[in-house]
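> What TrEMBL records for A:LYS7, A:PHE8, A:GLY9, A:GLY10, A:THR174, A:ASP175, A:TYR180, A:ARG185, A:LYS210, A:VAL211 is ATP binding site. Here TrEMBL flags A:THR47, A:GLU74 as substrate binding site. Here TrEMBL flags A:268-360 as domain 'ACT'.
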There are 2 protein chains.
Amino acid sequence: MPLLVMKFGGTSVADLARIENAAKKVQREVERGYDVIVIVSAMSGKTNELVGWVETTSKLYDAREYDAVVSSGENVTAGLMALRLQEMGVPARSWQGWQVPINTTSAHSAARFVDIPRANIDAKFAEGFKVAVVAGFQGVSPEGRITTLGRGGSDTTAVAFAAAFGAERCDIYTDVDGIYTTDPRITSKARKLKKIAFEEMLELASLGAKVLQTRSVELAMRYKVRLRVLSSFEDTDENSGTLVCDEDEIMESKVVSGIAYSRDEAKITLVTVEDRPGIAAAIFGPLAEAGVNVDMIVQNISEKDYDDHPGAVTDMTFSCPINQVARARKAMEDAKAAGLINYDDLAVDEDVAKVSVVGIGMRSHAGVAAKMFRALSAENVNIKVIATSEIKISVLIDRKYMELAVQALHDAFDLHKAG
Amino acid sequence: MPLLVMKFGGTSVADLARIENAAKKVQREVERGYDVIVIVSAMSGKTNELVGWVETTSKLYDAREYDAVVSSGENVTAGLMALRLQEMGVPARSWQGWQVPINTTSAHSAARFVDIPRANIDAKFAEGFKVAVVAGFQGVSPEGRITTLGRGGSDTTAVAFAAAFGAERCDIYTDVDGIYTTDPRITSKARKLKKIAFEEMLELASLGAKVLQTRSVELAMRYKVRLRVLSSFEDTDENSGTLVCDEDEIMESKVVSGIAYSRDEAKITLVTVEDRPGIAAAIFGPLAEAGVNVDMIVQNISEKDYDDHPGAVTDMTFSCPINQVARARKAMEDAKAAGLINYDDLAVDEDVAKVSVVGIGMRSHAGVAAKMFRALSAENVNIKVIATSEIKISVLIDRKYMELAVQALHDAFDLHKAG
């Protein structure tokens, strides 16, 4: 029997009417001949309520108790979904993480999958059950305690089940109808993609197109799980939404698939840093320890030579989320005070944004960077930092030009035209 | 290490402030040197919300899914209580039913305990944990599904743990401060009892003093678990509340301990029933099948002899809750139509109430019934039906005299005076 995984997020199961709506989508797949594993989130708002109670009760809470409390929302949805399906005549039962069991590490609130043995659920399918409704976001540790995967973990649960059960596809039902070439709020020319490669989705997800958890896409890529993102609130069929898949499945791929952006960036420059082996480690070690998510890094290979700096010196620039600037500054000042690094000045620019063009086609096409820079230049957008990867080029620019830049790049790469 | 079980009901853990209040009571017992097993209910209102969702989703719901959904409220409270205790510096952890494990039968929504192995919790006490916070009302079936014990089951969970762990006492914290000689709303002379025997509590509980679940008292009596009922909302010490215990512990027991009543009774009489062997079974079999809770039964050994009833005939009278009269009437009419029984008339009196005097001292004291009947007669209260057991005498009277009767009996047996 072919098998599908279907995942419904919090807004898709926000109340009994929406649970019924989701159940109908499951029923349709059963009627098409699939066995279905449904992964559910908590009804929207429930997890936040539980988290609020935990945090009010204990600031430095025991993560094991946090997990025990916070996981309960998914259990409720799973039971209600199973009941609704039964009511429609679809043989279904709910599964909590420990019942499957979904074996994870003991890293509470940030657990990782160890394995998901198929035996229990397979036995139920063999008995004639058509649907296993599994509580997302949770698992069980080797010590028999309830674990959670961190917020948004239900996407990851869905992909893990799709991998473990060899599902034909993993459908992620959410409140958007697919992945777009860029944010439709920025340009109305944004177009829904039929397909996108895992690598592209990873770059788009981590850059702000927050439809899928990055971790779930990584897992899907590793196990080649075909992911589909589609809307809970529309009539959907086998062609709806966007398929996130291996690049081999994308015949007609364009050079650039999408334009991502991130509004809340800051640029920090350490001015006149001693240029010696190990200096990068001396700077970025303390930043990592302080929990600063450093993104772009540029070292200006300058030839400064002041009287008071007899050796070679350089400027080191990096970007991080704007709300981590204070933490970054403190980490650098502490490192300077401890004599680990030295610099003349720490310059912060909090008025920057990042814009990126993403596409697996770049690998085989030269000239993407040049085209990007030309398009920005034509709009008089000054580029402050550039960083490139195999399938992405990112630039840091003044925040006030961000929307203009996204629009200009969307036009320049003809993204409004179907691939 | 001596061990206590402490149970907090829904109103005692209704919000974070009340959970903190309950946690302080637990902390005090830990400071006195006890290891403590805390049994918690769901925050008040939560279980009703969950039950409402289940019943809206599915009228004839799968009880396994009902249990999976409805048990989640207790898990939340258990985690929050453990966190609050940790915050106070008390080493504690939460336990869900399957983690202990609390092994029950598979009778979902009405499961019964099979056993509660001590090993897991004992191991944690040995590691230095002082408190095990256990989610009440739930267990796990041999098939690994979550079960519940039926509403109010947390009292029963508490007693079962007290029995399994040989607790010194099982303290039931609730919204009343103990067991009274009668309902204080009926007479201000009602007095809180220091001690009451299990058997008396059973009669009082099933007669309407709804402080403890009958089942939990039965279990406590079987395993000789000393139960204490006391208030969550008052400062309490080792002398607070009412101790429900073996009669051996009650030295100075009075003949009568309390006056119970039940307002919503109905009296049904089957007039002119054939008086033959098996007639009682023919009547009360169908009533039981129809779910009618028959309480008192009286057969008038009359010597009616009408022309159309050549054999011996009798009248059969029984009482049941007033909201079951329609069901009882239908069961009798169906049985008559099927030729299983015969009667001339079915007379219903819906204006009756039951008043009972309860006391283990009755066993060795004659004259209690006579004293009771005299007291009622002195107030011109007519007795319609009498039923007696070893430690209880109940009468059915007109409902309008109920409060008068309770007051008169309370006075007659000197219950306002301390034992």
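Indices start at 1 and increase along the chain as displayed.
Yeah, the Cβs are placed from backbone N, Cα and C, and that goes for glycine too.
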> If you count Cβ atoms within 10 Å of the Cβ of A:THR174 (ATP binding site), leaving out that atom itself, what do you get?
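A count of 23.
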> Do you know offhand how many angstrom separate A:LYS7 (ATP binding site) and A:GLU74 (substrate binding site) by C-alpha?
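Cα-Cα, rounded: 12 Å.
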> How big is the gap, in Å, between the Cα of A:TYR180 (ATP binding site) and that of A:GLU74 (substrate binding site), rounded to a whole number?
29
> How many Å lie between the Cα of A:GLU74 (substrate binding site) and the Cα of A:THR174 (ATP binding site)?
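So the Cα of A:THR174 (ATP binding site) lies 16 Å away from that of A:GLU74 (substrate binding site).
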> If you draw a 10 Å sphere on the Cβ of A:GLU74 (substrate binding site), how many other Cβ atoms land inside?
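Excluding its own Cβ, the number within 10 Å is 31.
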> Check A:GLY9 (ATP binding site) against DSSP and tell me helix, strand or coil, would you?
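In three-state terms, A:GLY9 (ATP binding site) counts as coil.
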> What's the number of neighbouring CB atoms sitting within 10 A of the CB on A:GLY9 (ATP binding site)?
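Taking all protein chains shown, A:GLY9 (ATP binding site) has 23 Cβ neighbours within 10 Å.
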> May I ask for the distance between A:GLY9 (ATP binding site) and A:THR47 (substrate binding site), taken between their Cα atoms and rounded to an integer number of Å?
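So the alpha carbons of A:GLY9 (ATP binding site) and A:THR47 (substrate binding site) sit roughly 12 Å from each other.
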> How many neighbouring Cβ atoms, not counting its own, are there within 10 Å of the Cβ of A:TYR180 (ATP binding site)?
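For A:TYR180 (ATP binding site), the count of other Cβ atoms within 10 Å is 23.
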> I need the CA-to-CA distance for A:THR47 (substrate binding site) versus A:THR174 (ATP binding site), whole Å please.
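For A:THR47 (substrate binding site) versus A:THR174 (ATP binding site), the Cα atoms are 17 Å apart.
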